[in-house]
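The following features are taken from TrEMBL:
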- A:33-143: domain 'PurM-like N-terminal' (DOMAIN)
- A:Asp35, A:Asp80, A:Asp224: Mg(2+) 3 binding site (BINDING)
- A:Asp52, A:Asp127: Mg(2+) 1 binding site (BINDING)
- A:155-314: domain 'PurM-like C-terminal' (DOMAIN)
- A:Asp227: Mg(2+) 5 binding site (BINDING)
Protein chains: 2
Amino acid sequence: MAEFDLIALIRSRAAASAGSMPGSGEGVVLGIGDDAALLRMPAGHELVVTADTLNEGVHFPAGTAPADIGWKALAVNLSDLASMGARPAWCTLSLSLPREDAGWVSAFVDGFQELAAMHGIALVGGDTTRGPLSIAVTAMGWVECGAALRRDRARPGDDVWVSGTLGDAAASLALDGHVPPASGEPLPAVDPAIAAWLGDRLRRPLPRVAAGRALMGLAHACVDVSDGLLADLGHVCERSGVGAEVWLERLPASVALQRAFGARRTSFQATGGDDYELCFTAPANLREPVSLALEQAGVEATRIGRIVAGEGVRALAADGTQWRSPQSGYVHFG
Amino acid sequence: MAEFDLIALIRSRAAASAGSMPGSGEGVVLGIGDDAALLRMPAGHELVVTADTLNEGVHFPAGTAPADIGWKALAVNLSDLASMGARPAWCTLSLSLPREDAGWVSAFVDGFQELAAMHGIALVGGDTTRGPLSIAVTAMGWVECGAALRRDRARPGDDVWVSGTLGDAAASLALDGHVPPASGEPLPAVDPAIAAWLGDRLRRPLPRVAAGRALMGLAHACVDVSDGLLADLGHVCERSGVGAEVWLERLPASVALQRAFGARRTSFQATGGDDYELCFTAPANLREPVSLALEQAGVEATRIGRIVAGEGVRALAADGTQWRSPQSGYVHFG
């Protein structure tokens with residue numbers, strides 16, 4: 001199978017799902033099939049662009065189902081668009097494959113397009129090349145001029161919030177033996193149904209696109225939780241020139257995580273990463289509208305701390321003492 | 001060295017070269033450092049987007065100088081923008097690296113930014129991950145609404161043209177032993193200075209951005225020659241619903257290629273690929289303006305054939321007989 005056949009396969013699948021949801025394919029003058037795509041932006045908007053790559057053996061283990069890889073390769077990019085408050089529009093896909101395997105590509109595209117259709121994002125270009133399995137996606141969206149949520153707008157006195165629950169993906173990684181347990185303690189025995197639920201959170205994260213849109217005009221600063229809550233909130237603090245306090249006992253946990261790990265869940269929540277929830281700051285007088293906006297977007301919001309003058313993130317235990325993590329935020333090198 | 005240090009290195013280098021040329025960084029509201037970049041398009045334009053990846057061992061041999069890899073990773077994408085008539089604006093870079101090697105990254109960015117500065121394209125995002133060496137670039141540009149050069153606009157009676165010279169890169173690959181010689185004949189003895197010149201054409205292609213801009217309003221259809229002239233012109237014919245004749249003795253050859261391979265140069269020119277010249281079609285009554293436009297853009301234009309009714313590309317030898325290549329266009333799989 002030549003590159004052109006794989007591209008034809010991806011192209012036909014992308015075309016079939018375009019228009020399957022209102023807004024999908026909007027602005028696409030010319031999609032896959034020329035040297036480049038031609039796209040039209042609505043007036044009064046800024047283009048929002050992000051690029052994230054998944055490599056086998058680094059971001060997912062060998063043998064991961066191709067549909068899950070396709071879903072997640074798009075999800076991590078949609079999560080970045082979500083954290084800016086952007087509406088997803090278009091994406092490119094650069095797929096490096098060790099073998100010419102139409103079955104694998106077909107299943108991969110299934111997962112990719114399943115999520116793409118949910119968010120009306122159109123695949124408009126890319127390439128397939130021979131090489132170790134690697135998936136590089138660039139996602140593009142729109143946001144009203146000047147209205148994007150950014151990392152550099154947190155202010156002292158802001159509440160710190162997080163969407164959904166934290167730690168599920170990291171707990172699943174630990175249960176699967178892909179990371180050492182946080183404290184050297186043996187892993188707990190976990191009900192298979194609970195382990196499966198946690199695994200879904202790892203393999204099929206739900207990018208909080210609607211939540212990001214709902215937070216525009218409410219949130220001051222926003223980031224998605226990919227490297228770990230404390231690391232990502234640290235990025236917000238550094239870019240905003242502020243510090244933060246996080247109250248660990250407030251970190252939202254799924255029922256599954258509580259059942260599986262009990263009180264040992266904290267390090268997964270604070271530093272585990274791969275959550276793809278939104279961490280954001282907002283003025284204290286907007287607590288009610290923030291809660292309502294996220295409820296309407298279909299996800300719970302939890303207030304977990306506050307922005308202070310100074311620098312750095314202090315994670316506080318229930319007794320007010322500062323917490324030191326046995327793990328650190330996910331770092332790709334070293 | 002953590003991912004954040006590599007990103008900081010790339011970011012500081014991108015920032016240093018932004019503004020080094022008029023137009024560089026134009027429209028960048030927010031560059032590297034947030035979850036996504038924020039970009040503003042000029043009114044009345046379409047966004048032009050392309051994505052191309054280079055993998056070690058597939059697109060370049062192990063041990064290639066990192067500055068050459070950086071140059072070429074951007075060049076192949078700029079060439080796609082050029083073939084649409086677009087003005088380059090922004091790009092993202094997804095860099096997978098087997099080792100944390102700041103020296104390698106620094107040299108890579110040197111080559112990347114050297115070409116970026118020449119074309120005023122700003123690096124606005126991306127990521128670095130651990131993995132086998134792979135460079136995925138997505139390049140974005142602008143073109144006046146409705147004015148882009150496309151593959152699907154060739155018409156019977158059009159002349160077929162090509163910019164610059166063909167076959168240099170493929171000849172260099174053959175001399176370096178990376179592809180078998182076309183005919184099984186032994187390779188010629190080649191002067192080292194000539195081999196070095198051909199090698200530069202392989203490692204540092206010059207994307208024909210100015211030529212693409214100059215062809216707007218003149219050319220009917222356009223493609224860049226990456227897979228090989230006959231293959232890429234075949235894409236134009238397929239998309240336009242036409243056929244083409246190519247006169248092999250007219251294919252433009254560099255002095256270096258003529259000296260090195262003499263009459264054996266034809267297969268490199270017709271099917272070698274990696275040329276990154278523009279192949280385009282234009283009405284016969286525009287021969288003079290086409291020649292002048294490309295001369296002003298600093299590259300020669302050669303008329304090499306014509307578009308006919310029907311389908312497929314017929315390559316004709318000097319005696320009018322149809323030519324069969326001992327090689328075929330570069331195919332990534334199989």
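Note that Cβ sites are derived from N, Cα and C of the backbone, with glycine treated the same way.
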Candidate nearest A:Asp35 (Mg(2+) 3 binding site) in space, where candidates are the binding-site residues A:Asp52, A:Asp127, A:Asp227 and distance is Cα-Cα: A:Asp127
Least surrounded among the binding-site residues, given as A:Asp35, A:Asp52, A:Asp80, A:Asp127, A:Asp224, when other CB atoms within 10 Å are counted: A:Asp127
Residue pair A:Asp127 (Mg(2+) 1 binding site), A:Asp224 (Mg(2+) 3 binding site) - Cα distance, angstrom, rounded: 27
A:Asp227 (Mg(2+) 5 binding site), number of other Cβ atoms within 10 Å: 23
Tally of DSSP helical, extended and coil residues in the domain 'PurM-like N-terminal' (A:33-143): 36 helix, 47 strand, 28 coil
Distance from A:Asp52 (Mg(2+) 1 binding site) back to A:Asp80 (Mg(2+) 3 binding site), taken between C-alpha atoms, in Å: 9
Residue pair A:Asp224 (Mg(2+) 3 binding site), A:Asp52 (Mg(2+) 1 binding site) - Cα distance, angstrom, rounded: 13
Integer Cα-Cα distance in angstrom, A:Asp227 (Mg(2+) 5 binding site) to A:Asp52 (Mg(2+) 1 binding site): 13
Three-state secondary structure, which DSSP defines for the residue listed as 'Mg(2+) 5 binding site': coil
